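Q: Below are the features listed in Swiss-Prot for this protein:
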- 1-113: transit peptide (TRANSIT)
- 114-215: topological domain 'Mitochondrial intermembrane' (TOPO_DOM)
- 216-236: transmembrane segment (TRANSMEM)
- 237-757: topological domain 'Mitochondrial matrix' (TOPO_DOM)
- 259-552: domain 'Letm1 RBD' (DOMAIN)
- 476-521: coiled coil (COILED)
- 554-618: coiled coil (COILED)
- 680-715: domain 'EF-hand' (DOMAIN)
- Asp693, Asn695, Asp697, Lys699, Asp704: Ca(2+) binding site (BINDING)
- 722-755: coiled coil (COILED)
Amino acid sequence: MASILLTRSRTPLLKTSRSLKNEFRKGKLSEGACFNCTALRLATNSPGVLGGIVWPHASSVQYLDNSSVLQRRLSRSPRLYCAILVPDPALPVHSRSTYHRTLAWPQNAPVRWVHTTGRLLDDSKVERSLRTLKDRNKKLEEGGPVYSPTVDAEPVRRTIRQRVIDEVKHYYHGFRLLWIDTTIAVRMLWRVLNGHILSRRERRQFLRTCADVFRLLPFLVFIIVPFMEFLLPVALKLFPNMLPSTFETQSKKEERLKKELRVKLEMAKFLQDTIEEIALRNKASKGNVTEEFSTFFQKIRDSGEIPSNEQIIRFSKLFEDELTLDNLTRPQLVALCKLLELQSIGTNNFLRFQLIMKLRAIRADDKLIAEEGVDSLTANELQAACRVRGMRALGVTEERLREQLKQWLELHLNQHIPTSLLLLSRAMFLPDTLSPADQLKTTLQNLPEIMAKEAQVKVAELDFSKVDNKTKLETTLQEEAAIRQENRERELERLADAAEKAKEQTQSQEAEVLEVEGERRVDAEHALSSVDVAIHSETLRDTAPVLEGIKGEEITKEEIDMLSDACTKLKEQKNLLTKEKEELEDLKDDVQEYSEDLEEIKRELSKTGQEKAVEESKASQRLSKRVNRMIGRMDKIITELEKDKMVLDGQMDSETTPPIGENLISINELITVMKQIQNIPEHKLLSIADALDENKDGKIDIDDVIKVVELIDKEDIDISTNQVAEIMVMLQKEEKLMEKEKAKEKVEKEQAAKIQN
């Protein structure tokens, strides 16, 4: 059977081979669909590779709706589940360029600005462990099947020689792990001190190595953390590139305090992440969960044994989106991009980035759909939602659409199966008759072997079990090899860019020489011009304009850095501390949630009589005290800076609050500062500013722009202005959901307090 993939095209009709190679290497978004608007895909079950046919883009689209009605609906409803392009059946296949556009409208989606934090991305290990415990206890209360690792009734008694050998191996791998972790941590720290931005993978590796060091040597908390705080002013002097060089303060004291606040805030957030990595440890001896997972993974990949559905669902949760995407092969990444109708040409890093953004958008939409209810969706909305999730959307009944969308929401939101696994099962075109567990089993069979070690560590951490040093060592070395490979790819890309620029300069010089030679021939050819005019006066000429595809303006990595510097400079000119205060409040919320999660874990464990078996690690307790002290010091720094600002502005009343819209700047202000930093064409600056101005009122929130830039800046890729606008919409949805979840948690806590009283 065949599969037909109709994707949107923004490319010109003709391209040179050099431009095609350049776009393939850089992964430009000129050919890709945006994150929320996708084209129509007609797919049937096929074990083959995804194929595709490219149709002309929206330059030839005709809207059948009344334009004024369409604009009114767009203004009051910012969220689209999809825009479906249906080719006109009256036209032949090769000439279909007129489409009927059907819009699927949501309900009650108010517009507001973007505010996002790192907590929107994923849950911490403590939260995932708590969720696992709650699910297990709930199933025990309901009498359902609960998977638990098997424990040998009579453990094999080891000889003295075997015990000595095992202890020697344990300490050998432990010391080797400590040495490698220390080496990696020092190297990453040196990169940070010298102003280099760690990639997403490098930061995860840095966090893991620091957690391992504190876990192996808990007493280092008393040495390293106070030492780092004490030497912070010295580090800022010796390594000025740690922070952007755009500080323009009125006093040296204010500059010093702001730099110290910025670095302390980043350090405290990193330490809080480390705390959650090493939070709990299990003192009781239980079944080896890592061996259970290894047996399960071997069952589904090698042997013909079929694991239970409970095992499949339980272990599928370990393959989180970032873990899965970071280890997928290129053909699998390309297949996912084609399934989601994204740009499938580009580097692996670029493909992963757009997939991560798309998965986050799907996750936000899933929560909004679950809140509104699947039954409230129209047929067009159901088709759009199913197609975006890689499910069959045409040729099926409305009841079938609702059923498969409900099944998706059940697996994703209730069973907590990662979106990447659900999409991979759709990308392989498995039969609809297969159960969800069988689909997940087949998907796990096709995952790379390299993911097994990483998932093996995760399953032990979520179960509070100890992971042996050898497994951790293998995982660390495996991740280090992947980081080196990514760095090699980036270096090759930079070299290719440099070679291309040199080639363009050579071609421009040759063109100048040819132009000079051409001027010499002008006089000789001028004598023959009258004859040429007479000959060609009757020649027919085509005066129609040359059609070119609509292409979004590309923003390079250097321009993203420049935009970040411009926002920092504007913040310093306005003496704004709103972002720092917001991040500090988020950090306080993280610390409070961490404490509440620990208390909940103890209550859940007490239901099974295991509250004494699990305790908070010593390193985690010591780091928590240090983070609380740092929060107190940062509060004092912010208070001191605000007092200085009041004195400078003549506002002596301590109760004065910042006016509404203090963070807003005009587009012209942003463009002016960007011009001062780097010489960029006017049309490029206008396109960047227009992408950031979502509501088109000429005003931009500095903190919102910084958050978007920080998200993009972690990836070494070029990005289009259209994609920047889509990221802002995605972050807006996530913030809306976060506020609703906070309000819901607050109501639940108040109700629980009333019940206790």
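The backbone N, Cα and C atoms fix where each Cβ goes, and this holds for glycine too.
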Q: Please list, for the domain 'EF-hand' (680-715), how many residues fall into helix, strand and coil according to DSSP.
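A: Residue counts for the domain 'EF-hand' (680-715) by secondary structure: 23 helix, 3 strand, 10 coil.
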Q: Here the binding-site residues are Asp693, Asp697, Asp704; which one has the lowest number of other Cβ atoms no more than 10 Å from its Cβ?
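A: Relative to the other binding-site residues in Asp693, Asp697, Asp704, Asp697 has the fewest Cβ atoms within 10 Å.
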Q: Please work out the mean pLDDT for the residues of the domain 'EF-hand' (680-715).
A: 76
Q: Hey, what's the Cβ neighbour count for Asn695 (Ca(2+) binding site) at 10 Å?
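A: I get 12 for this one.
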Q: Including all protein chains shown, what's the count of other C-beta atoms within 10 A of the C-beta of Lys699 (Ca(2+) binding site)?
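A: For Lys699 (Ca(2+) binding site), the 10 Å Cβ neighbour count is 14.
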